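**Q** Here it is, the structure in full.
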Amino acid sequence: MADDKKTNDYTVEMDKLDQGSKNFEAPLPPVQPRSAPNAQLANNPILPVLAYCGSSIMMTVMNKYVLSGTDFNLNFLLLCVQSIVCIVAIQTCKASKLITYRDFNADEAKKWFPITLLLIGMIYTGSKALQFLSIPVYTIFKNLTIILIAYGEVLWFGGSVTGLTLFSFGLMVLSSIIAAWADIKHAVESSGDATAKVSTLNAGYIWMLINCLCTSSYVLGMRKRIKLTNFKDFDTMFYNNLLSIPVLLVLTFLMEDWSSANITRNFPPADRNGIMFAMILSGLSSVFISYTSAWCVRVTSSTTYSMVGALNKLPIAVSGLIFFDAPVTFPSVSAIVVGFVSGIVYAVAKIKQNAKPKTGVLPTSNPVSASSQSMRDSLRS
């Protein structure tokens with residue numbers, strides 16, 4: 001029957017031809033649809049993984065470049081610029097129909113505002129810690145936040161911690177101890193004022209501790225609040241950045257020095273354009289992280305995304321050794337390796353826990369929204 005149909009498609013009925021014409025056109029064979037090259041490229045799993053890793057590295061390096069300037073002290077201004085850039089970027093993407101999120105609603109904003117305050121505390125303390133610590137040490141210490149979140153889940157949401165997860169936590173603590181010891185050892189043995197260097201490191205560790213507490217509070221609070229609002233990927237990013245702008249503006253004008261001398265010190269004429277470009281690029285990179293993380297989950301899987309997040313710590317830490325003067329010593333490299341292994345073990349523990357029937361779930365066991373993940377990635381990187 002199928003063969004008859006094929007034959008009929010190409011049969012010319014002679015009695016229906018115009019007798020005065022010697023030419024006729026037979027029906028063309030059906031054209032087989034071909035996938036567009038752009039679609040094939042967009043569904044290539046390697047591309048979103050590389051884009052996600054590159055965005056995370058760019059965010060951390062740009063922030064460190066701005067914050068490592070001589071006596072930079074306008075952290076609230078930096079965060080405000082990043083939020084404004086982010087809002088402009090996602091509004092442009094929404095107008096271009098690249099992404100979608102719900103329109104502003106005053107009632108939803110009121111419910112979400114406490115989470116925004118926790119976010120401001122998280123990103124501000126993260127910027128202060130990154131200002132005093134090297135990128136590798138900062139990346140290693142951010143792992144401790146995972147422990148706080150996990151046990152917060154156990155206390156407030158009925159989560160559970162497996163033996164393999166506990167082992168990864170032990171590796172995280174060990175890597176942090178090695179990193180701190182390597183940092184202090186290098187400060188004492190290097191030339192210059194060792195006391196001042198150790199004092200700077202101690203300030204960084206204090207800010208890092210506060211940041212871990214703020215980050216875990218933000219993540220746990222967001223999980224509870226998101227049930228009331230049912231926010232999705234870019235809804236969270238939109239409200240977080242929009243609501244933080246007025247708060248950051250008030251904080252920068254009230255608490256930071258806006259004298260002409262301090263502005264010149266923070267933005268020296270020789271580096272002014274580079275610093276401003278880095279501030280804008282760091283704001284854009286948060287959008288890139290959010291978009292590429294959602295892309296990565298869509299094209300690959302949440303399991304692959306978890307492993308990419310764990311493996312991503314290594315290139316981020318190495319970027320600090322390449323682009324900045326982070327000490328390259330055996331203890332510092334050992335701390336990076338142990339921290340890297342702890343991330344892999346934790347990712348494997350999450351995957352195994354997801355494969356079992358769930359009586360309780362760790363905070364990052366289920367796929368989280370891309371915007372929430374990007375916020376954590378950008379500041380734990």
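In case you wondered, yes, glycine gets a Cβ from its N, Cα and C as well.
Heads up, here are the entries from Swiss-Prot:
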CARBOHYD  Asn262  N-linked glycosylation site
REGION    362-381  region 'Disordered'
TOPO_DOM  1-40  topological domain 'Cytoplasmic'
TOPO_DOM  62-71  topological domain 'Lumenal'
TOPO_DOM  93-110  topological domain 'Cytoplasmic'
TOPO_DOM  128-134  topological domain 'Lumenal'
TOPO_DOM  152-160  topological domain 'Cytoplasmic'
TOPO_DOM  183-200  topological domain 'Lumenal'
TOPO_DOM  222-233  topological domain 'Cytoplasmic'
TOPO_DOM  255-274  topological domain 'Lumenal'
TOPO_DOM  296-303  topological domain 'Cytoplasmic'
TOPO_DOM  349-381  topological domain 'Cytoplasmic'
TRANSMEM  41-61  transmembrane segment
TRANSMEM  72-92  transmembrane segment
TRANSMEM  111-127  transmembrane segment
TRANSMEM  135-151  transmembrane segment
TRANSMEM  161-182  transmembrane segment
TRANSMEM  201-221  transmembrane segment
TRANSMEM  234-254  transmembrane segment
TRANSMEM  275-295  transmembrane segment
TRANSMEM  304-324  transmembrane segment
TRANSMEM  328-348  transmembrane segment
**Q** With contact taken as 3 or more Cβ pairs under 8 angstroms (pairs 6 or more apart in sequence), are the transmembrane segment (161-182) and the transmembrane segment (328-348) in contact?
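**A** These two segments touch.
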**Q** Between the transmembrane segment (234-254) and the transmembrane segment (41-61), are there at least three Cβ pairs closer than 8 Å, leaving out pairs fewer than 6 positions apart?
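**A** These two segments do not touch.
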**Q** Is it true that the transmembrane segment (304-324) and the transmembrane segment (135-151) have 3 or more CB pairs under 8 Å, sequence gap of 6 or more?
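**A** When sequence-distant Cβ pairs are counted, the transmembrane segment (135-151) touches the transmembrane segment (304-324), since at least 3 lie under 8 Å.
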**Q** Check the topological domain 'Cytoplasmic' (1-40) for me and report the mean pLDDT.
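**A** PLDDT averaged over the stretch: 48.
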**Q** For the transmembrane segment (201-221), name the stretch out of 72-92, 135-151, 275-295, 328-348 with the most CB-CB pairs under 8 Å.
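**A** Maximum Cβ contact count belongs to 135-151.
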**Q** Any contact between the transmembrane segment (135-151) and the transmembrane segment (328-348)? By contact I mean 3+ C-beta pairs closer than 8 Å, pairs at least 6 apart along the chain.
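**A** Checked: the transmembrane segment (135-151) vs the transmembrane segment (328-348), in contact.
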**Q** Might you confirm whether the transmembrane segment (275-295) is in contact with the transmembrane segment (72-92), defined here as three or more C-beta pairs under 8 A between residues 6 or more apart in sequence?
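**A** Contact between the transmembrane segment (275-295) and the transmembrane segment (72-92): present, because at least 3 Cβ pairs are under 8 Å.
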**Q** Return the residues near the residue listed as 'N-linked glycosylation site', defined as same-chain residues 6+ apart in sequence whose C-beta is under 8 angstroms from its C-beta, sorted by sequence, else 'none'.
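**A** Set apart from the residue listed as 'N-linked glycosylation site' by at least 6 residues yet with Cβ under 8 Å, we have Asn73, Leu74.
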**Q** Restricting to CB pairs under 8 Å, which listed stretch, 111-127, 275-295, 328-348, is in contact most with the transmembrane segment (41-61)?
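**A** By the under-8 Å Cβ criterion, the transmembrane segment (41-61) pairs most with 275-295.
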